[in-house]
Amino acid sequence: MSWSFLTRLLEEIHNHSTFVGKIWLTVLIVFRIVLTAVGGESIYYDEQSKFVCNTEQPGCENVCYDAFAPLSHVRFWVFQIILVATPSVMYLGYAIHKIAKMEHGEADKKAARSKPYAMRWKQHRALEETEEDHEEDPMMYPEMELESEKENKEQNQSKPKHDGRRRIREDGLMKIYVLQLLARTMFEVGFLIGQYFLYGFQVHPFYVCSRVPCPHKIDCFISRPTEKTIFLLIMYGVTGLCLLLNIWEMLHLGFGTIRDSLNSKRRELEDPGAYNYPFTWNTPSAPPGYNIAVKPDQIQYTELSNAKIAYKQNKANIAQEQQYGSHEETLPADLETLQREIRMAQERLDLAIQAYNHQNNPHGPREKKAKVGSKAGSNKSSASSKSGDGKTSVWI
């Protein structure tokens, strides 16, 4: 096993566990693995060679040692470390696999779709100054927002700090984490009970053996019983500490989940769903190609007002055609029909103007001149439209 693999393993455990789990990992590495590897081997290396019995009967000493220690202390603790750490290693492997799969899926989605520039529509006042109709027409134009600026804005936003529990829940690993925690606790309890029944709380200085092939009860003596007793009690304490950390972590997960649910409910009560959207005073923008019409002041509904509205609508249609389809190849096939409708609209407008002027000033000489001028203007406009070379130019 290389150091890089061990470093990667510890980093992943650090990222996918709570702060109580990190304490448990520290206790496992320092007080179990290191202590068993360094202290256990040096204390128990001569446990069988220094096990001496006061008999010369062949095989009696081996049988008595088997009765005294059915399983070596060091091997028992190594087996305990392996089984206790197995649920955590399995959880870690599952977490790495799931997160790598999620990242791979997100990378495929990003590669499938292109990265368009973020566009914002702003009002430009300089374009309005080139027109001569003295009307307020909102002009919109797109503004490109670079992707780097967008990423910088996202990075500048402060993220809430957490101890790992919320990250486990966001990654969908909470159930697996709780299962491995329960399995780890069960292993701790099982090994604690087994250690008590195998070794008790003390290593006695001598052991009385009466098993076959020993001819009678004999006394066997153990080397360094006090040192081994102290080390045995230390291992009891480490096992109890790990068990308490497991219980603490379960309480931490339970109370933390309850607290998060209560906080979410309180936020829902404080911030109703109907008012979750932010209020803004910005003027709503329109997509490209969308004409925003300003609502005019209401005037008295007469034939003249109706004719003016029709004239303005025709003028807006002509301006839109000149803006988006001024080329000859884009003109419709029924151009003559369009010209005929425009002439009819102009004639109706002239008649409405004459009727309106006649209604207001029935005996004024200026009215006659206006009528003659309007008729001459209408004749000129009709003549110009007939003599045109196929373009929709109108003289008024």
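Cβ from N, Cα, C; glycine included.
Record features, source Swiss-Prot:
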type: COMPBIAS; residues: 147-156; note: compositional bias 'Basic and acidic residues'
type: COMPBIAS; residues: 373-396; note: compositional bias 'Low complexity'
type: REGION; residues: 145-165; note: region 'Disordered'
type: REGION; residues: 357-396; note: region 'Disordered'
type: TOPO_DOM; residues: 1-22; note: topological domain 'Cytoplasmic'
type: TOPO_DOM; residues: 46-75; note: topological domain 'Extracellular'
type: TOPO_DOM; residues: 96-175; note: topological domain 'Cytoplasmic'
type: TOPO_DOM; residues: 199-228; note: topological domain 'Extracellular'
type: TOPO_DOM; residues: 249-396; note: topological domain 'Cytoplasmic'
type: TRANSMEM; residues: 23-45; note: transmembrane segment
type: TRANSMEM; residues: 76-95; note: transmembrane segment
type: TRANSMEM; residues: 176-198; note: transmembrane segment
type: TRANSMEM; residues: 229-248; note: transmembrane segment
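Per DSSP, the topological domain 'Extracellular' (46-75) is made up of 12 helix, 2 strand, 16 coil.
Outside the topological domain 'Extracellular' (199-228) by six or more residues, the chain places 43-44, 46-47, 50-55, 57-61, 63-65, 67-69, 73, 236 with a CB less than 8 A from a CB of the stretch. Beyond the ends of the topological domain 'Extracellular' (46-75), by six or more residues, the same chain brings 36, 40, 198-199, 207, 209, 211-215, 218-223, 228, 232 to within a C-beta distance below 8 angstroms of the stretch.
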